[in-house]
Amino acid sequence: MEPLDDLDLLLLEEDSGAEAVPRMEILQKKADAFFAETVLSRGVDNRYLVLAVETKLNERGAEEKHLLITVSQEGEQEVLCILRNGWSSVPVEPGDIIHIEGDCTSEPWIVDDDFGYFILSPDMLISGTSVASSIRCLRRAVLSETFRVSDTATRQMLIGTILHEVFQKAISESFAPEKLQELALQTLREVRHLKEMYRLNLSQDEVRCEVEEYLPSFSKWADEFMHKGTKAEFPQMHLSLPSDSSDRSSPCNIEVVKSLDIEESIWSPRFGLKGKIDVTVGVKIHRDCKTKYKIMPLELKTGKESNSIEHRGQVILYTLLSQERREDPEAGWLLYLKTGQMYPVPANHLDKRELLKLRNQLAFSLLHRVSRAAAGEEARLLALPQIIEEEKTCKYCSQMGNCALYSRAVEQVHDTSIPEGMRSKIQEGTQHLTRAHLKYFSLWCLMLTLESQSKDTKKSHQSIWLTPASKLEESGNCIGSLVRTEPVKRVCDGHYLHNFQRKNGPMPATNLMAGDRIILSGEERKLFALSKGYVKRIDTAAVTCLLDRNLSTLPETTLFRLDREEKHGDINTPLGNLSKLMENTDSSKRLRELIIDFKEPQFIAYLSSVLPHDAKDTVANILKGLNKPQRQAMKKVLLSKDYTLIVGMPGTGKTTTICALVRILSACGFSVLLTSYTHSAVDNILLKLAKFKIGFLRLGQSHKVHPDIQKFTEEEMCRLRSIASLAHLEELYNSHPVVATTCMGISHPMFSRKTFDFCIVDEASQISQPICLGPLFFSRRFVLVGDHKQLPPLVLNREARALGMSESLFKRLERNESAVVQLTIQYRMNRKIMSLSNKLTYEGKLECGSDRVANAVITLPNLKDVRLEFYADYSDNPWLAGVFEPDNPVCFLNTDKVPAPEQIENGGVSNVTEARLIVFLTSTFIKAGCSPSDIGIIAPYRQQLRTITDLLARSSVGMVEVNTVDKYQGRDKSLILVSFVRSNEDGTLGELLKDWRRLNVAITRAKHKLILLGSVSSLKRFPPLEKLFDHLNAEQLISNLPSREHESLYHILGDCQRD
C-alpha cells in the first residue's frame, strides 16, 4: 500500500466501516495503531503479537501471567509465554507487540527472575536517561518525555556540557595541564556555548573559572588510569564480572588503554532503548597473571559524587546498548569529574532485569495516555503514574510545575489520594489559575495527544530497522547501498561533511532534497542511527551530507543508508508553550487574559502619541504606496495596546502589507519579531524587506533558509565577524531591532533576555493555537495576519478535529471585532474569477485593485492555430472552442454524461478519465502559447496527482506543477485546472470536498483563467459545492461534456493514454 499523505488520511478515516471484524484483525489493528510497520518475526529481533493474557496462580500460590503469542499475521502458530516472579507485574494486554530475550528451543517461553527478559513495545525506543530517572519517580520520567521543553537550561547543565566536551577532546589528544587549558578556552569560545551563557546571563570569565576548577582532576585521573609503565602501577579495584570464575572477588588493576568513540549513538530495537555513551573506552583488566580486554562505556558526571542508583542505572543500561555493537561489556564506569574518582558498575542480571521492568512501565505510560473510550463516549486523558512523597526529589524536580498542573487540570483527583506533603505544593503551584484556564490546558493536552497518535504523525524511526532500504526506496524517503567516496571534512566543531555514492549504479529516484534532515545508518543490523544531519547536495551521481559525527573510522567497505527524519506530530513545542501559558508570570497572565478569558483588546486614542516626530515623513512616504485598507491596517497596529488581526483575503497584498508594517514600525523605533510557521513564509517577507535596506537578523539553521537570505542569518554573521566572545555576541543581538524566525524557533537563547515591542505572525490562521502562542510570550503587542476562510491548521485526528483543534488563534480572537481590519482590494484575479469567491465566501467584499486587474485575460498567442484545428475536427463539440476562449475566464466541465467514475485503489482515490481530460486541456493550452510555468493543476488526492503526473510524463507536455490545494496556499498561476476526482452513485465525497475553505483556496489561485472539472451530480450533494453550482448555473458557466468525449479525443491525447 502506498504511503498516505495528510489528505488521503482524512479520506480513509471517513470511509472506514463499522462492520464486525474477526478477533485477529482487531488485535492487529491495535498493534498497527501504535506501530504500523511492525513485522512479526522470530530470531534476535523477534516480534510477537499478544493474543490473550491470563493471570494464574502456580502450584506454590505465586501469581503468573500466561500470554498466548504468535509470529503469524493470521494468528496461527500460537505459542505460550509465561511471566513469573516480578515479570508478572508487566502491564501487557492483547494486541501488544513484545520482544523476548531468552531460550525458545522448547516451549513454552519462560521469563523469570533468573532467566530471560521481556520487552513491551520494543519499537518505542526510550532513552537510558529517562529510564534511570524513573527509578526515583516514574511520574517525573513520563512528564519529562511529555513536556521536554520545560526542562530548562541551568548553570550546572552548561558547565557540565563544557566539561564533557573538554574531557572528550582531551582523551583523544592529551591531558597535559597546558593542553587542558587550551581545550577549555577553545570550547568556551564556541558560539553555541556563548549563546547558552547569554541565555543564563553568565559572564565568560565566571564560567571559565568554574571550568578550570575541574581540570586538575582530569589530569589526576589520566595519570592514574592511562599513563603508567607497568600494569601493577594502575589502581586496584574490586570488579566482579558475571563471566568471572571463583576469583571474581579478588582485586584487579584497571588500565584505560584508549578512547574508541565519543558520544556514541546507539539504538537498540532489542531492548527498546536508545542513548549516547559519553566515552567508549578500551580497558585492560589485570587480575593476577591474566589480562582481559573489554570495550566498555564510561559515563561522565560533573555533579556531586554520589554513586547514586540513578547514575549506576544509566551505566548498566549503556552496557545493554553496547551489546548492539559488540560483545557484552558486562560492566561500565562512572567517573566524577570534580574529584577524578571512578567507580566500576557491574551489570548483573538482577539490575538489568529491574531496569527493563521500569522501562516497560514507562513505555506503557507513554503509549496509554488517552483512554480508548466506548462507542459514543469522548476520549479522555489518563492519569499519570502516582505522585510520590519525597521532599528532596520534588524540591529540585524540573517538572514540579507540570506535575501540579496535570494533577489539578487533568487528573482532578481528590486531596485524599495525593500524599499529604504534596497537597499544599499542588495548590500553591496552581492557585493563580481559574477553572477556565485549567479546562483550556486539559483540552489542548488531550487534542495534542490524540493528534500525536494519528497514523501519519506517529511515524517513528522504526522503518530503519523494520524495513530494508531497497523496499523503502520506493517511497522516495530512503537511499541505500551507499559508500563513502572522499575524505571526511570537518566543517566546524560537531559538523562533518561526508560524500556518498551508490555502490552499484546511479541514485534511485528520490524525494530527498537539499536541506532535508536525515538519519544515517549502516546497512548491517548493528549500525542503526550512527549519525544525524542534513542533505547538503544531491544529484543522480552522489549525495553530500553534513553529519554530527565523523564516520571515517568505519571501514571503507561499510554500506550506508540515508533515511529522511520525519518530524510529524512533534508535540513537544506546543505542549511546552501550553505549560508556559499556565505559569505564574506577568507575560503568561496577560496572554491568559487575552486568549482564554477574551479580555477586550485596548487601543490608544491618538496616533500622534505613538508616532515620533522625526519618523513622520518616512511613514508618510511608505503609506503613499498602500491602498486604503492597507493604510487602515497600519493605523490599527500603531494604536494597539494588545493585538491586531489583519484579514488578508486572496490576492490583497498580504506580504506587501507586512513588509510596509515592519518598515513603519522600524522607522518609529520599535523592535519587531517576525514569525510564521514555515521558513518559506518568513523568507518571502524578508526577500521583499531586504530591497528596502531594512536590517534584520534571521534566526534558524542556514540550510533551511532561502539562499538570498542566508547572509542575514545568525550563523553567517557569527562566521563573518569571527565571534568568539560573549560581548561580541551581545552586540550582534542588540544591533538588530528586527528579528525573524519560525514559530518553532522560539527556544533560541536570544528570547530569554529580549522582549520585542511587536510580534507579527504571518499565516496565523493556518497555525495551531499552542504553536502560535510561542512567539507571543516575547512581545508587548502582537499582530496576527491570516484569513480563517482559507486553509485552517491541518488536523489529522478526527476526534481532535471534533474537539476543536482546527481552530486557530486568529479565528479564536476574531470575535473581538474592534481588533480586526480587512484587506479587501485584490490584485490577483480578474473580475469573473473574483466574483466566484465573493459569492461563495466573502459576501461581495473583495474588489479589484484596478481596471487592468479586473479585465486581465490569459495570453494565448497561438490560439488562432488551435482554433483552426478545432473547427476542422470538432465542429460538433462547441464546448472545446468555448473553454479556450480568453474572454471566458471561468468554466466548469461537467463529466456526468461522459461518464468519469472514480477509482479507489491502494487506499487512494483517483479518476483516470478526469486525468486524461486535464492532460488534454493542458497540452492544448501549451499549444496555444501558454507557458507550462504559468499553469497549475490542483487535485485533492495524491493518487490523482500521481495519475496526472504519469500521463503528463508520457505526453509531450512540459513541466507543469501538479499539487494539492494545501501546497498552493499563498500562491497563484495564470491558469488553474482543478480535478475534483469524486464521481460515484453512493454519495461518498470525503472530508476534503466538504471543506468550503479548501474550495475557496482552489478557486482563488487563478489570475486569468479557471477551469473546474468534475461530476455535478456527485458534487452538488454538499452545501459549499451546491452554492458554487447555483452561481455557475446563473452565469451559464457550466458545460456538459458529451458522452464518451474522452475517447473522441484519443488521437490528440496520444497512444500513451489508451492504457
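Placement of Cβ uses the backbone N, Cα and C atoms for every residue, glycine included.
Feature list (source: Swiss-Prot):
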type: REGION; residues: 82-519; note: region 'Nuclease activity'
type: BINDING; residues: CYS137, CYS394, CYS397, CYS403; note: [4Fe-4S] cluster binding site
type: REGION; residues: 520-1059; note: region 'Helicase activity'
type: BINDING; residues: GLY648, MET649, PRO650, GLY651, THR652, GLY653, LYS654, THR655; note: ATP binding site
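Counting only residues at least six positions away in the same chain, the Cβ atoms of ASP787, LYS789, GLN822, LEU823, THR824, GLN826, TYR842, LYS845, LEU846 sit under 8 Å from the Cβ of MET649 (ATP binding site). Its Cβ placed at the centre, CYS397 ([4Fe-4S] cluster binding site) has 20 other Cβ atoms within 10 Å.
In this structure, the binding-site residues under consideration are CYS137, CYS403, GLY648, GLY651, THR655, and the one with the smallest number of other Cβ atoms within 10 Å of its Cβ is THR655. Following the DSSP three-state reduction, the secondary structure of CYS403 ([4Fe-4S] cluster binding site) is helix. Compute the center of the Cβ atoms of CYS137, CYS394, CYS397, CYS403, which mark the site for [4Fe-4S] cluster; besides them, the chain residues with Cβ within 8 Å of that center are ARG139, ARG140, LEU143, ILE387, ILE388, GLU390, THR393, GLN399, MET400. Each residue in THR657, ASP787, LEU823, GLN826, ARG828 lies on the same chain as GLY648, MET649, PRO650, GLY651, THR652, GLY653, LYS654, THR655 and has a C-beta within 8 Å of the C-beta centroid of that ATP site, without being one of the site residues.
Cβ neighbour count within 10 Å across all protein chains ranks PRO650 highest among the binding-site residues PRO650, GLY653. LYS654 (ATP binding site): 23 other CB atoms within 10 A of its CB, across all protein chains. The Cβ of CYS394 ([4Fe-4S] cluster binding site) has ILE388, MET400, CYS403, MET422, LYS425 as same-chain neighbours under 8 Å, each 6 or more residues away in sequence. Using a 10 Å Cβ-Cβ cutoff, THR652 (ATP binding site) registers 24 neighbours. Across the structure, THR655 (ATP binding site) and CYS137 ([4Fe-4S] cluster binding site) are spaced 50 Å apart at their Cα atoms. A gap of 55 Å separates the Cα atoms of THR652 (ATP binding site) and CYS137 ([4Fe-4S] cluster binding site). Separating the Cα atoms of GLY653 (ATP binding site) and CYS397 ([4Fe-4S] cluster binding site) is a whole-number distance of 49 Å.
PRO650 (ATP binding site) and CYS137 ([4Fe-4S] cluster binding site) have their C-alpha atoms 53 Å apart, to the nearest angstrom. Averaged across the region 'Nuclease activity' (82-519), pLDDT for the predicted model comes to 90.
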